[in-house]
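Asker: Annotations per TrEMBL:
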type    : residues           : note
BINDING : 59, 60, 92, 93     : Fe cation 1 binding site
BINDING : 212, 213, 245, 246 : Fe cation 2 binding site
Ligand SMILES: [Fe+2]
Ligand SMILES: [Fe+2]
């Protein structure tokens, strides 16, 4: 973002982010504003968020630090990744953020946690390690990024193939998760209803990490044809909270009338992270609709992020 922000402004936005008495959607908007500002002061304010009681907010703080991409966040992200008192979903996002920043100095810590007792953390670190290797491989030289979104992804798309081939690879567990993620992002970048439906076939996988990433990209794609697949996972009480939360956020992003009704239904869910995801999605949609939708010098939500 080219606009200059004074330290006082950044501090004021950081105070909103870190005020536990404020509504979560307001705190999320403060976080997205800080992500957009992306200065060292903004990073320091986001880093304060990790003492929060909400895993949802903390995992979004980690995601935003990864997307900003400044190595100044490596210290706090490394601490969060190694902190067993943090929710595994937050630790996962810290590991993924380290991969997104892509600094080779993270290799050791990622290696260590690639065998973490929490499966979602271990798998995240395995993928992040592969991304670090990929960033330095010869293929990278001629790589053309086809990502139509502004996200820094955990894996690059494949350079060849079609929807049928990518769907096959997506669901072939004999491949590494990194390779399957490559197929996943190929389908996401290709776009359209068929690619979205192909992606939704992965929601039956055994890895919670893999399924939550599928739900995340379906939220980016906003294809209404996958609403029933997403709501099936959200409704499944045996599904991991990490996956159900991401399905709720994707439904909030697709935002058809049917999505809103499902989100209202799960606003009182027994899992805090699911409940809060529905609450934030609904409140943000209300806020976007309201006429005063303007904050931090006209930074718009839709310009800055899809929630993770
Ligand atoms: Fe995630
Ligand atoms: Fe998430």
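Counting begins at 1 with the first residue displayed.
Using the three backbone atoms N, Cα and C, a Cβ is placed for every residue, glycine included.
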Asker: Given the Fe cation 2 site residues 212, 213, 245, 246, which other residues of that chain have a Cβ within 8 Å of the mean position of their Cβ atoms, reported in sequence order?
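Answerer: Other same-chain residues near the Fe cation 2 site: 208, 211, 214, 215, 216, 242, 243, 247, 249, 308.
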Asker: Applying a 10 Å Cβ distance cut-off over all chains shown, what neighbour count does residue 59 (Fe cation 1 binding site) have?
Answerer: 27
Asker: List, in residue order, those binding-site residues out of 60, 92, 93, 213 with a Cβ under 6 Å from any atom belonging to ligand 2.
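Answerer: None, as no Cβ falls under 6 Å.
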Asker: Whole-number answer please: how many Å between the C-alpha atoms of residue 246 (Fe cation 2 binding site) and residue 93 (Fe cation 1 binding site)?
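Answerer: Cα to Cα, residue 246 (Fe cation 2 binding site) and residue 93 (Fe cation 1 binding site) are separated by 13 Å.
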Asker: Which of the binding-site residues 60, 93, 213, 245, 246 have a Cβ less than 6 Å from any atom of ligand 1?
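Answerer: Close enough to ligand 1 are 93.
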Asker: Using C-alpha atoms only, work out the spacing between residue 213 (Fe cation 2 binding site) and residue 93 (Fe cation 1 binding site) and round it to an integer in Å.
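Answerer: The Cα atom of residue 213 (Fe cation 2 binding site) is 11 Å away from the Cα atom of residue 93 (Fe cation 1 binding site).
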Asker: Tell me the Cα distance separating residue 212 (Fe cation 2 binding site) from residue 93 (Fe cation 1 binding site), rounded to the nearest angstrom.
Answerer: 12
